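The signal peptide annotation in Swiss-Prot covers 1-22 and rests on sequence analysis. Per Swiss-Prot, topological domain 'Extracellular' is recorded for 23-327, 381-402, 519-526, 580-586, 639-647, and the stated evidence type is a curator's inference. Per Swiss-Prot, region 'Disordered' is recorded for 236-255, 458-484. Here Swiss-Prot flags Asn261 as N-linked glycosylation site, drawing on experimental evidence. The feature transmembrane segment is assigned by Swiss-Prot to 328-348, 360-380, 403-423, 499-518, 527-553, 559-579, 587-607, 618-638, with similarity to another entry given as support. According to Swiss-Prot, the topological domain 'Cytoplasmic' annotation covers 349-359, 424-498, 554-558, 608-617. What Swiss-Prot lists as Zn(2+) 1 binding site is His507, Asp511, His536, His540. Here Swiss-Prot flags Asp511 as site 'Essential role in Zn(2+) sensing', drawing on experimental evidence.
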Amino acid sequence: MASLVSLELGLLLAVLVVTATASPPAGLLSLLTSGQGALDQEALGGLLNTLADRVHCANGPCGKCLSVEDALGLGEPEGSGLPPGPVLEARYVARLSAAAVLYLSNPEGTCEDARAGLWASHADHLLALLESPKALTPGLSWLLQRMQARAAGQTPKMACVDIPQLLEEAVGAGAPGSAGGVLAALLDHVRSGSCFHALPSPQYFVDFVFQQHSSEVPMTLAELSALMQRLGVGREAHSDHSHRHRGASSRDPVPLISSSNSSSVWDTVCLSARDVMAAYGLSEQAGVTPEAWAQLSPALLQQQLSGACTSQSRPPVQDQLSQSERYLYGSLATLLICLCAVFGLLLLTCTGCRGVTHYILQTFLSLAVGAVTGDAVLHLTPKVLGLHTHSEEGLSPQPTWRLLAMLAGLYAFFLFENLFNLLLPRDPEDLEDGPCGHSSHSHGGHSHGVSLQLAPSELRQPKPPHEGSRADLVAEESPELLNPEPRRLSPELRLLPYMITLGDAVHNFADGLAVGAAFASSWKTGLATSLAVFCHELPHELGDFAALLHAGLSVRQALLLNLASALTAFAGLYVALAVGVSEESEAWILAVATGLFLYVALCDMLPAMLKVRDPRPWLLFLLHNVGLLGGWTVLLLLSLYEDDITF
């Protein structure tokens, strides 16, 4: 009987040994949770080879410093002095996983610990630290970032896992909240060749801000002021009333306070919005609530202060043009803009009707005043002061409305003066003189408004129908345009064509700079900018043509001056494409053009327009209002929606 019992015990022991040694290298997580099976020397050797391939040291490959005996030594109680067994049982998988993670995060230090016999004790210490639920996620994040710093051989195509996935796998395997289960899942992914997507802990962002900009807690007022200056916020960053973001962005950044003990792998990592939300455990579906926004703020501050995202190169723009395409498309767009000057010929299409040309020219003259003043106040002034950048930040266009109030004040006095002249009793001689108001009693036969009016006699003396050619019609309606002996003009009116041409030339040069810079960026930006320039150049050039005609120039002279000033846009275009023009230089050019426009419109065009006499004053008053309000409306819409023109 005794021999039979001994035989049964021997068979049972043999079965157990065979079971322990013959277990296949299953997943470490399933091996840990089942508590059955073991890892033999072959499986451990393969695991150690994988670990050696996944890390690199500061001076190159780390080399293989861990042996199978070191791994088997993890299966004996610390200080037992017993030799390692032939296999590593399932109950020691948690310690093996912790020890492997230590090697992946710090290969040099782990090799020294293994030689000193401290590898197992340090693995137990790591497991003890991660057992706290509050320390598990931050601890894993710290380990993964160290592993990323030491990782070798990773490619962008490798499947990456993050901490939430590791936690879910541990829960699914029946080890919720277990540090050993999470580390075993991590080691399974190491064996399968996965990479790891680590994220910093929420506290890291707060610590970064305080370590870099505060010598103590809480942060002092001076330190907060320095922090706000670096971020470009606060009163000092917006000291001038124009809120010029261009100046704030060009200011040299305040250097970070160097701290040797606060450096981290995360200091140079640029995080996406999804990464930031994941770091704080926020769901993409739920979004960011006001309460969560307060938590996210340190992360955004850290990204701004560290400059991690500023050094990354931008991806190539798909719609960028080649150098030859920039010149081709830019030249075509500028040519179309220059053809606006030729549209002045439209004024001659209605000369078949007596008196119509006079009112057409007066309408376009008022349109020129509205377009030029609107362009200077609503369009160019915001660009000069850098106020157009506010539209990119989602702010309300409040500066535009304030500038519109300036034009409203101008329009109020315009109405007051016109209504005052219309409602008061008029001199009978004004009615007899006709639409031009040429009275023999007014300054030698010419009033101050003579340049902006047509001769009265020609409007009252029609020519026979058989003499109605276009040239005759122009001469009939406005003989001073074709007469080789022009009428006598006042000195200020003789200067008006040159001032209009000079202002147009400077403005068109600046437009060419803008078009060239836009096409250098992309064809979409170039097309949008060209359309915007065309919108405000069309009424502007038509009005200028009318003003030049009324200043005593012939049709040919007015067209030549308009075309000459428009051609400067090509010079600006080629300068921008060839050498490039900075935003600051363009602002100075536009500032000079703004002053020229305001002087021409308010000191020359508007006073002369107000002194026009006509037998139908209310009709002329209506046409002047249509021109003024039309020009201002076009430029107001352009100023409000110019940045929204996209294709």
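Just so it is clear, glycine is given a Cβ too, placed from its N, Cα and C backbone atoms.
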Structural state census, the topological domain 'Cytoplasmic' (608-617) (DSSP three-state): 4 helix, 0 strand, 6 coil
Chain-internal residues near Asp511 (Zn(2+) 1 binding site), provided their CB is under 8 angstroms and they sit 6+ positions away: Ile337, Val533, Glu537, Ala569, Gly572
Range from 360-380, 499-518, 587-607 with most C-beta pairs under 8 A to the transmembrane segment (559-579): 499-518
Contact set, same chain, for the transmembrane segment (360-380): CB under 8 Å, 6 or more residues outside the stretch: 347, 350, 400, 403-404, 406-407, 410, 452, 454, 503, 507, 536, 539-540, 542-547, 549-550, 590-591, 593-594, 597-598, 600-602, 605-606, 609, 612, 620, 623-632, 634-636, 638-639, 642
Segment confidence, the topological domain 'Cytoplasmic' (424-498), expressed as mean pLDDT: 44
Sequence-distant neighbours of His507 (Zn(2+) 1 binding site) in its chain (C-beta under 8 A, six or more apart): Asp375, Ala593, Leu596, Phe597
Three-state composition of the topological domain 'Cytoplasmic' (554-558), taking helix and strand from DSSP: 4 helix, 0 strand, 1 coil
